[in-house]
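Trainee: Attaching a single structure in structure tokens format; questions to follow.
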Amino acid sequence: MATLLSARRASWRDYLELTKPKVVVLMLITSLAGMFLATRAGVSWSVLLFGNLGIGLCAGGAAVVNHVVDRRIDALMARTHKRPLAQGRVEPLPALLFALALALLGMALLLAFTNALTAWLTLASLLGYAVLYTGFLKRATPQNIVIGGLAGAAPPLLGWVAVSGHVSAEPLLLVLIIFAWTPPHFWALAIHRKEEYAKADIPMLPVTHGERYTKLHILLYTLILLAVSLLPYAIHMSGPLYLACALVLGLRFLQWAWVLYRGSRPHAAIGTFKYSIAYLFALFIALLLDHYLLLNL
């Protein structure tokens, strides 16, 4: 009876929320960048449309699994307690079937409109996030988002391979940028939500090692990110426009990390977290703009 009542309360908006659409959109921006950077010619409309749709569907499926596995944790945290599974508006079994349908459709589109390598790399990313990170690493180690961050860093590689059909050094550099970005992004949020993570018994770095230690590591990773973000220019993958944008964006990120480390602002942690999202969005847009500027010179 409870299942029936929950099912009646569920709406299409609940299922959409399970896919973490804002996160998927950011991932698809990096996937688009990978696609366009992979070629000096245009990207075919079928790869552009169905390739990104396939990647997005698989990412959404992984997000749904994350909701299912974390539903009890989500119910304990103020940030997540209104999620559909945490509130019982969607039951676990229908959610898992929805995740499976998304993943199967996404894989089918990738196999039909891109290539097998893209499909299998996407599947590996999906399993890395949904199974390795969500099912094990998140509860096992304070380095959870460092190790598990590789799965979330894959979209530019997936976009590149969808167009080129092979893996090369350039898309791996884009993966490295997101990989270096992930720790300061999530640890800033973890500082802001430290008490909630402790209540849910999630070993995030601020919970296990304290805020000062975490702030130092945010600062160090932000320095690494700044250096890594300049590599596309160093290997002639991008030009002066990207270099200028990467420096401005990276130095601003470093300023946020320094303010957080010094403890001079009461809301520096959430400010750093929010800026990190804008940073990644703007950095990959700069990559795209610079790419087409170079093509038209």
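Each residue, glycine too, has its Cβ placed from N, Cα and C.
Features from Swiss-Prot:
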type     : residues : note
TRANSMEM : 23-43    : transmembrane segment
TRANSMEM : 45-65    : transmembrane segment
TRANSMEM : 93-113   : transmembrane segment
TRANSMEM : 117-137  : transmembrane segment
TRANSMEM : 145-165  : transmembrane segment
TRANSMEM : 171-191  : transmembrane segment
TRANSMEM : 216-236  : transmembrane segment
TRANSMEM : 241-261  : transmembrane segment
TRANSMEM : 277-297  : transmembrane segment
Trainee: Cβ under 8 Å, sequence separation of at least 6 from the ends of the transmembrane segment (23-43): give me the contacting residues as numbers and ranges.
Mentor: 51-52, 55-56, 59-60, 63, 152, 155-164, 170-171, 174, 178, 237, 277, 280-281, 284-285, 287-288, 291-292, 295
Trainee: Could you give the residue numbers and ranges of same-chain residues that sit at least 6 residues beyond the transmembrane segment (171-191) on either side and whose C-beta is under 8 angstroms from one of its C-beta atoms?
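Mentor: Answer is 30, 33-34, 37-38, 145-146, 149-150, 152-157, 159-161, 197, 204-207, 211, 214-215, 217-218, 221-222, 224-225, 228-229, 231-232, 235, 237, 253, 257, 260, 269-270, 272-273, 276-277, 279-280, 283, 287.
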Trainee: What else in the chain is close to the transmembrane segment (117-137), if you only count residues 6 or more beyond its ends and a Cβ gap under 8 Å?
Mentor: 51, 54-55, 58-59, 61-62, 65-66, 69-70, 99, 103, 106-107, 110-111, 143-145, 147-148, 150-152, 154-155, 157-158, 161-162, 165-167
Trainee: Give me the stretch from 45-65, 145-165, 277-297 with the greatest number of Cβ pairs under 8 Å to the transmembrane segment (241-261).
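Mentor: Comparing 45-65, 145-165, 277-297: 277-297 has the most Cβ pairs near the transmembrane segment (241-261).
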Trainee: Which sequence positions outside the transmembrane segment (45-65), separated from its termini by at least 6 residues, show Cβ-Cβ distances below 8 Å to it?
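Mentor: Here the qualifying positions are 18-21, 23-24, 27-28, 31-32, 35, 95-96, 98-103, 105-110, 112-114, 118-119, 122-123, 125-126, 129-131, 134, 155, 158-159, 162-163.
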